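**Student:** Pasting a structure below so you can have a look.
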There are 4 protein chains.
Amino acid sequence: MGSTYGKIFKISTFGESHGVGIGVVIEGCPSGVDFDTDFIQSELTRRKPGQSRITTQRREADEFEVLSGVFEGKTTGTPIALIIRNEDQRSKDYSHIAAQFRPSHADYTYQVKYGVRDYRGGGRSSARETAARVAAGALAKLLLANFGVNIQAYVSQVGVMKLDKSYTELDLSETENNAVRCPDPAMAEKMFTYIDDVRKKGDSIGGVVNCVIKGAPAGWGEPVFDKLHAELGKAMLSINAVKGFEYGSGFDGVAMLGSEHNDAFFIDDKGEVHTRSNHSGGIQGGISNGEDIYFRVAFKPVATIMQDQESVDDKGDIAIVQGKGRHDPCVVPRAVPIVEAMAAVVLADFYLRNKASKL
Amino acid sequence: MGSTYGKIFKISTFGESHGVGIGVVIEGCPSGVDFDTDFIQSELTRRKPGQSRITTQRREADEFEVLSGVFEGKTTGTPIALIIRNEDQRSKDYSHIAAQFRPSHADYTYQVKYGVRDYRGGGRSSARETAARVAAGALAKLLLANFGVNIQAYVSQVGVMKLDKSYTELDLSETENNAVRCPDPAMAEKMFTYIDDVRKKGDSIGGVVNCVIKGAPAGWGEPVFDKLHAELGKAMLSINAVKGFEYGSGFDGVAMLGSEHNDAFFIDDKGEVHTRSNHSGGIQGGISNGEDIYFRVAFKPVATIMQDQESVDDKGDIAIVQGKGRHDPCVVPRAVPIVEAMAAVVLADFYLRNKASKL
Amino acid sequence: MGSTYGKIFKISTFGESHGVGIGVVIEGCPSGVDFDTDFIQSELTRRKPGQSRITTQRREADEFEVLSGVFEGKTTGTPIALIIRNEDQRSKDYSHIAAQFRPSHADYTYQVKYGVRDYRGGGRSSARETAARVAAGALAKLLLANFGVNIQAYVSQVGVMKLDKSYTELDLSETENNAVRCPDPAMAEKMFTYIDDVRKKGDSIGGVVNCVIKGAPAGWGEPVFDKLHAELGKAMLSINAVKGFEYGSGFDGVAMLGSEHNDAFFIDDKGEVHTRSNHSGGIQGGISNGEDIYFRVAFKPVATIMQDQESVDDKGDIAIVQGKGRHDPCVVPRAVPIVEAMAAVVLADFYLRNKASKL
Amino acid sequence: MGSTYGKIFKISTFGESHGVGIGVVIEGCPSGVDFDTDFIQSELTRRKPGQSRITTQRREADEFEVLSGVFEGKTTGTPIALIIRNEDQRSKDYSHIAAQFRPSHADYTYQVKYGVRDYRGGGRSSARETAARVAAGALAKLLLANFGVNIQAYVSQVGVMKLDKSYTELDLSETENNAVRCPDPAMAEKMFTYIDDVRKKGDSIGGVVNCVIKGAPAGWGEPVFDKLHAELGKAMLSINAVKGFEYGSGFDGVAMLGSEHNDAFFIDDKGEVHTRSNHSGGIQGGISNGEDIYFRVAFKPVATIMQDQESVDDKGDIAIVQGKGRHDPCVVPRAVPIVEAMAAVVLADFYLRNKASKL
């Protein structure tokens, strides 16, 4: 249980880091969506390992195969299955941890929960699973493009280096122009050097990804449990290494007065209802109000480090986990397309759910 | 859609602020749980309005009636329906907003989504709905008590006033001894005065609720989307006025190195596996590891203020929304039992889901 | 688990035969449906006990109270909760079976499954629960009326007395004119006498309810598991005492050749596609094709009889269950509105689900 | 929507008749189940085409590949994805029906519902999808084998040729010894000749599959909608060409008196509770009572016949559909393993659901 997300636009991922491959079944995608293979591949390429020296050196082409649900370039309304085969597996790299629990990984908890686990590269708990999410999210983006919805994430913080600007002050089109995926080129360079230094020390560092959604119409989201931001929050928190989520004014908003925080409504030149400020982050009562939706996602430092660490083994004995294998010193650059993908899945689902709101 | 939470321990709430009442159906509660009416009532009393001058003066006894699912003091495994009738409704207070959209409320989004809405006191979007959650959460607590799981929330911040101590340094048994529900008596007093000042100005202020769960065994939570913290996050973000969620090291964790952040495993005196630090917040790979689970929830300032505000009406004309009615100047004191309730529901569900993990 | 039906138009029933009452929460009903209280009450009246001497003499007004989700006569898109309080409970009638398992009732299986049960009148397993279904089904009918969908069930068999006519040869408007709900008045009279004879002997007898749905457009139903007839089948089989379901040609169709059974398509005068025959029962590949949908539901003889029966008790000792209490000698007359209600719920759900089929 | 079955043991099938292949993701299978590849393959072989001259001559090895969820021969608790690639596709055989609607197929309804369809061999609506069900069902059987549950289906009727014996009078181990899968060898031979005659005429014929489940403990099934027989009914009705379902006494039971039909309880030699008769079909109140579970499933004659048929095309013009391609003259021999597979999936799900019944 737990490998499916969504109520109508429903994605089910499968696969392990060092098994045959990973994949996803997308059920509930409406018929008639252009299935743009190149676009989906380009999204996978944004996430794939080995993009620069500050990402893991695992080599994966991350090419996908479509097994079903697409006919003559269009979705048919039936389940769409995609698989991405694993290539550069090096399972032997993991024999040393077959019986050990790596600190702050899922080794111990999986062992307790299931009594058995595929220890190779973390198995099911590996972030490799997110490739399947990116493929599904790419399809969700293609669906949403029909309504002019645009989703753009970027790195706003790495360790202590924080971009102190609102998204409205940034040129988000710069994001993909550097390896860090920070839209401020000067800051991006500093972040790159910072991450590279951490990498050289065999250590890792955390970061923050911001995300902005433009063009979502008012009315998406469902009261009372499935609020738009509650689902966005769950979707983000379900990504490996995520420790926090906030939207709109977020944690900073707690220090504001209601009279400052409230977003006054007005009628604009086109006769449309808008708000003068947007502390609500485009969501009121759990439902989109037509303004920009924006949120922030905190990622912890990756648990895999190139250092020896104190631990225990599955016999209950003390063990020293050695720093081996390949890893990302900082996940946020590669997390950007994952954040966008999950946001797209959430929105696609709410678009479809909202169809049933009125008679 | 969206009024149901949980996969096995499933709660469905219904009701509006100024309708007949609110209620909840709890499906999937196992048979044999002691249905302690007094305890459930005491939890509702912790949430009910009119507790002190810093909470809304609406008068509700919030007494509940059991309609089904309980026989001779025990749950029977069949759906448990509870209702709480509304008493002090004063629907007339709301006639002035029948056609207006209150800033940062759900009036506008409900209108767009449904084309019709019960405008009285926010209708379904009112935080009054959370009384039903507290009742369901109380039952979940009774279920969890069988396994020694204890859930304790408290106020850690009001506006700029922040309690800079870890829960491990606090005496949480002090929490219920003051109207703010802050376990530090000195800070509680300051917060009370602060909130009261805000109230006198007809304004509102935000705050943060922390929550600690002790005694949860390892193995609860489901990979990969239904991670324990992802469900906790969704559950918290589904509470009215919540803007952010973080667990373990949270947003602060992004500035740490992996070598600092990783929680080393060791064997304690009793031969049990534990971690030396707990930046993971008791959850690894989305599954509880047996350590304390802890998280923080950010609440915005309440949207209802006693001031005139610029807005529009449902004809698309400019309108001035007047400050009328009764409201909480700060929600966090009353949010404490709601946070606990939703945490209990999440855990009860995962307890039951985990039963199906192994053959 | 198991008290909820539907994916979007979702009904959750609760309540026991001799508890406070029974009820239902309807989630996912779109906003804007006329909530016709009189109609809903009239449907409940069709199902209620004490209609004639061939139905149980329990006295229940079966009046319902609306707790939520309706505002100014319209559904608002939020959950609609309805309750029907129990009046004529006579729980004492059941003290003799507190420890005994009545043959072919659910006493034994509930006891094994839950370890505890509300034995009064069968508790949750009582057909009294179907009153909640009828109320929900009435709302579904009101929803479907917007699209011209009409659902009509009738009794076609009681014991060995079988109406050997197709629905196309019957005047279904006669159905409600007799206590048996058989649209052939002569047959109805014979059936009435037959049931009354069985009643006098303290025995019970089974029967068959047929149902015809007119006006459902093509496109409702979902491949591959949630076929329209599969959901109709499940919905019918979930009604107390049902033993079988068949649609279109049903069990008789197995003896036909494909060349006889296939329904040829043609274009009618209005240019619409229709089929010359309708062995498909209006459903092809699990999706409605625009023709009449029709099916048959088999009901066993009621398990409660006024005779002594061999059984065991909860200590594992031999017991004689005495024939006491009030019961229906034949359920099919009162089952007619229940069959219609469940069909309406299934169709309402598929209407909403189908909205998400195409971009 | 609609391609997923089950609440905990959840199977999601994908794939089309003439696409890349078909497959299934099984989520919620507990860890620790022996993944017996040979057994799963043997089940697929029982279903595969080309077994004798009375089944379709399409040539498919129906070998499956495991993509995930299995490690060192055991299930790990994570999703298990299986694919079966299509080999003998002959898509050209179907170009003549690209624009035509074959009578009593799903061509027309899919076209109306989705506006687009993969017409090759019926695409998603093809019974080829059931291979994925058989694979999933084989795993469910492996799970159930741990509890001694045994599922055995057989052909009891082909056209008018009906085996008038109860399963208790038959030697079910004979079932797999003939091409028809009828446990009575003499009847099997007659049925074979009958089907072969129908085949030679280019026609098709229906039939009935019976199924018996032994060893299921009391307590499986959930009140009130998810009754064990209601789910079995839905599962069976979701199989291609099924028109009816009955369990226990079924449609014949309606003519019985309650005093005849009721199954008296008694205590056997071992001190176990049993029933003297079993008209209940092993299910009371929707929950298994420990007796044999048995049911019957009606299959219509296959819609594909080798004859010209009147129809229309997607332009709304009259068309003559020609009899081409390969088909089964009677589906019931190959339906036997499919019926068993779906029964196994239903039971595996209820086994897991039942774990949450009691505290």
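Cβ from N, Cα, C; glycine included.
According to TrEMBL, the NADP(+) binding site annotation covers C:Arg47, C:Arg53. Here TrEMBL flags C:Arg124, C:Ser125, C:Ser126, C:Asn240, C:Ala241, C:Gly285, C:Lys300, C:Pro301, C:Val302, C:Ala303, C:Thr304, C:Arg326 as FMN binding site.
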**Student:** Which residues in the same chain, at least 6 apart in sequence, have a Cβ under 8 Å from the Cβ of C:Arg53 (NADP(+) binding site)?
**Tutor:** C:Asp196, C:Arg199
**Student:** Tell me, how many other CB atoms lie within 10 A of the CB of C:Lys300 (FMN binding site), whichever protein chain they belong to?
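**Tutor:** Total other Cβ atoms inside 10 Å, all chains included: 27.
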**Student:** Please report the Cα separation of C:Ser126 (FMN binding site) and C:Arg47 (NADP(+) binding site) in Å, rounded to an integer.
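**Tutor:** Between the Cα atoms of C:Ser126 (FMN binding site) and C:Arg47 (NADP(+) binding site), the distance comes to 14 Å.
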**Student:** Filter the binding-site residues C:Arg47, C:Arg53, C:Ser126, C:Lys300, C:Val302, C:Thr304: retain a residue only if its CB is under 8 A from a CB of chain B. Output in sequence order; output 'none' if empty.
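**Tutor:** Near chain B - Cβ to Cβ under 8 Å - we find none.
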**Student:** For the FMN binding site, please report the maximum Cα-Cα distance among C:Arg124, C:Ser125, C:Ser126, C:Asn240, C:Ala241, C:Gly285, C:Lys300, C:Pro301, C:Val302, C:Ala303, C:Thr304, C:Arg326 in Å.
**Tutor:** 44
**Student:** Name the binding-site residues, out of C:Arg47, C:Arg53, C:Lys300, C:Val302, that lie close to chain D, meaning a Cβ-Cβ distance under 8 Å, keeping sequence order and answering 'none' if none do.
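**Tutor:** Among the binding-site residues C:Arg47, C:Arg53, C:Lys300, C:Val302, the ones whose Cβ sits under 8 Å from a Cβ of chain D are C:Lys300, C:Val302.
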**Student:** Taking just the CA atoms, what is the gap between C:Arg124 (FMN binding site) and C:Arg47 (NADP(+) binding site) in Å?
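**Tutor:** Cα-Cα distance, C:Arg124 (FMN binding site) to C:Arg47 (NADP(+) binding site): 18 Å.
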**Student:** Would you count the other CB atoms within 10 A of the CB of C:Arg124 (FMN binding site), including those on all shown protein chains?
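**Tutor:** Within a 10 Å radius of the Cβ of C:Arg124 (FMN binding site) lie 29 other Cβ atoms.
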**Student:** At the level of the C-alpha atoms, what whole-angstrom distance separates C:Arg47 (NADP(+) binding site) and C:Ala241 (FMN binding site)?
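**Tutor:** Pair distance, Cα basis, whole Å: 15 Å.
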**Student:** Taking the Cβ of each of the binding-site residues and counting other Cβ atoms inside 10 Å, which one has the highest number: C:Ser126, C:Thr304?
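**Tutor:** Comparing the binding-site residues C:Ser126, C:Thr304, the most crowded Cβ belongs to C:Thr304.
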**Student:** Specify the secondary structure state of C:Arg47 (NADP(+) binding site) as given by DSSP, simplified to three classes.
**Tutor:** helix
